[in-house]
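Peer 1: I grabbed these lines from Swiss-Prot:
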- CYS141, CYS144, CYS198, CYS201: Zn(2+) 1 binding site (BINDING)
- CYS158, CYS161, CYS184, CYS187: Zn(2+) 2 binding site (BINDING)
- 4-68: domain 'J' (DOMAIN)
- 141-148: repeat 'CXXCXGXG motif' (REPEAT)
- 158-165: repeat 'CXXCXGXG motif' (REPEAT)
- 184-191: repeat 'CXXCXGXG motif' (REPEAT)
- 198-205: repeat 'CXXCXGXG motif' (REPEAT)
- 128-210: zinc finger (ZN_FING)
Amino acid sequence: MARDYYGLLGVSRNASDADIKRAYRKLARELHPDINPDEAAQAKFKEISMAYEVLSDPEKRRIVDLGGDPMENAAASPSGFGGFGGLGDVFEAFFGGSSASRGPIGRVRPGSDSLLPMWLDLEECATGVTKQVTVDTAVLCDRCQGKGTNGDSAPIPCDTCGGRGEVQTVQRSLLGQMVTARPCPTCRGVGVVIPDPCCQCVGDGRVRARREITVKIPSGVGDGMRVRLAAQGEVGPGGGPAGDLYVEVHEQAHDIFVRDGDDLHCTVSVPMVDAALGTTITVDAILDGMSEIDISPGTQPGSVIELRGQGMPHLRSNTRGNLHVHVEVMVPTRLDQHDTELLRELKRRRSRDVAEVRSTHAAGGGLFSRLRETFTNR
């Protein structure tokens, strides 16, 4: 059964174009989503918008007057090409429009997310930190409280698009006429205009301002990680809900420690004599203060001592990484006569030990000699 488009607008079948437009504008002022957020009103607004679209088009109105419904075919084939499936999408991509009506985007929309870089040193990443930062962002207009209007004035449906937020154009192609829908240039797709806008925000419902935000960084964060602060981003147009603020951590290089995930690496220099005889040194760990490390006798250059659980805290648990201490053996560059004599004596003693080992192997008493005799019967 065909819809009663005249009844939806409350006009007679003999109504003029001006009468139809006047009736639609009166109903749109009451039912537009930006004016009346009730769900029933929104459904009614869609119906009267469809009725106005039909009756304001001479060809579609002629079909109605003959007892037909021009929107039934449109519902069966929203792309305008019936059984040709996605052919309408091809023409949409080619011509930059669409024959399907999308409706107004709404004046009140969510705000954008914001990204704030923050530089932290290794200690702050390890312990966590709370900082006050200043951001330049979009905030709610305090004069109109986001309405965008001046005083008691209110938005009204756009005359250009009739509150639909889009205008339709007819293009001729080799396959015939194509009806494409584009955002209305007057209301920019919103569907309403503000005749008396707020003098502070000029109808946008928000203004640019600098504001202080408290940022709490948890312990264990690392370079490139982002901390999300819900609803701390930009306020949306028309006083819409604010987006989120993302704080991106940039970790500064440390003078002593190199970070590898939750593990830390550092290098300590140990005198040659201490490496040979053994000693105890102290390392200033990030969270544990001064830690004592035992250097075993005979420690070689490049040795790594692992201190478990003394690295960085894990972001989402109570565990910690390890501290890896790389030993660098320092060889003295300046020796007095006494030091030189001591080292030469040590060299002679070590040389005798090496000679004794070699003579043992030459006499056949070595391990490899015995193995050779076993497998070769020599």
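Please read every residue number as a count from 1 along the shown chain.
The backbone N, Cα and C atoms fix where each Cβ goes, and this holds for glycine too.
As the structure is a computational prediction, the values presented were derived from the model and not from experiment.
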Peer 1: Give the sequence-ordered set of same-chain residues, not counting CYS141, CYS144, CYS198, CYS201, with Cβ within 8 Å of the centre of the Cβ atoms defining the Zn(2+) 1 site.
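Peer 2: Once CYS141, CYS144, CYS198, CYS201 are set aside, the remaining close residues are ASP142, ARG143, GLN145, GLY146, LYS147, GLY148, THR149, PRO197, CYS199, GLN200, VAL202, GLY203, ASP204, GLY205, ARG206, VAL207.
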Peer 1: Okay, the repeat 'CXXCXGXG motif' (158-165) and the repeat 'CXXCXGXG motif' (184-191): do they have at least three CB pairs under 8 Å, pairs separated by 6 or more?
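Peer 2: Output yes: the repeat 'CXXCXGXG motif' (184-191) sits against the repeat 'CXXCXGXG motif' (158-165).
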Peer 1: Which whole-number value in Å describes the distance between the Cα atoms of CYS187 (Zn(2+) 2 binding site) and CYS144 (Zn(2+) 1 binding site)?
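Peer 2: A Cα-Cα distance of 20 Å.
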Peer 1: By CA distance, which of the binding-site residues (CYS158, CYS161, CYS184) lies nearest to CYS141 (Zn(2+) 1 binding site)?
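Peer 2: Closest by Cα distance to CYS141 (Zn(2+) 1 binding site) among the binding-site residues CYS158, CYS161, CYS184: CYS158.
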Peer 1: Distance between CYS161 (Zn(2+) 2 binding site) and CYS198 (Zn(2+) 1 binding site) at the Cα atoms, whole Å?
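Peer 2: With the alpha carbons as reference points, the distance is 23 Å.
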Peer 1: Tell me the Cβ neighbour count for CYS161 (Zn(2+) 2 binding site), meaning other Cβ atoms within 10 Å of its Cβ, over all protein chains shown.
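Peer 2: Neighbour count, Cβ to Cβ under the 10 Å cut-off: 25.
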Peer 1: How long is the line from the C-alpha of CYS144 (Zn(2+) 1 binding site) to the C-alpha of CYS158 (Zn(2+) 2 binding site), rounded to the nearest angstrom?
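Peer 2: That comes out at 21 Å between the alpha carbons.
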Peer 1: Would you count the other CB atoms within 10 A of the CB of CYS201 (Zn(2+) 1 binding site), including those on all shown protein chains?
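Peer 2: Excluding its own Cβ, the number within 10 Å is 24.
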Peer 1: Cβ distance under 8 Å to CYS184 (Zn(2+) 2 binding site), same chain, sequence separation 6 or more: which residues?
Peer 2: CYS158, THR160, CYS161, ARG164, GLY165, GLU166, VAL167, VAL190, GLY191
Peer 1: Within 10 angstroms of the C-beta of CYS141 (Zn(2+) 1 binding site), what count of other C-beta atoms is obtained when all protein chains are considered?
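Peer 2: A 10 Å sphere around the Cβ of CYS141 (Zn(2+) 1 binding site) contains 22 other Cβ atoms.
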Peer 1: For the zinc finger (128-210), what are the DSSP-based totals of helix, strand and coil residues?
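Peer 2: Taking each residue of the zinc finger (128-210) in turn, the totals are 0 helix, 39 strand, 44 coil.
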Peer 1: With an 8 Å cut-off on Cβ-Cβ distance and a minimum sequence separation of at least 6, pull the same-chain contacts of CYS198 (Zn(2+) 1 binding site), or say none.
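Peer 2: Same-chain residues close to CYS198 (Zn(2+) 1 binding site) (Cβ under 8 Å, separated by 6 or more) are CYS141, ARG143, CYS144, LYS147, GLY148, THR149, ASN150, GLY205.
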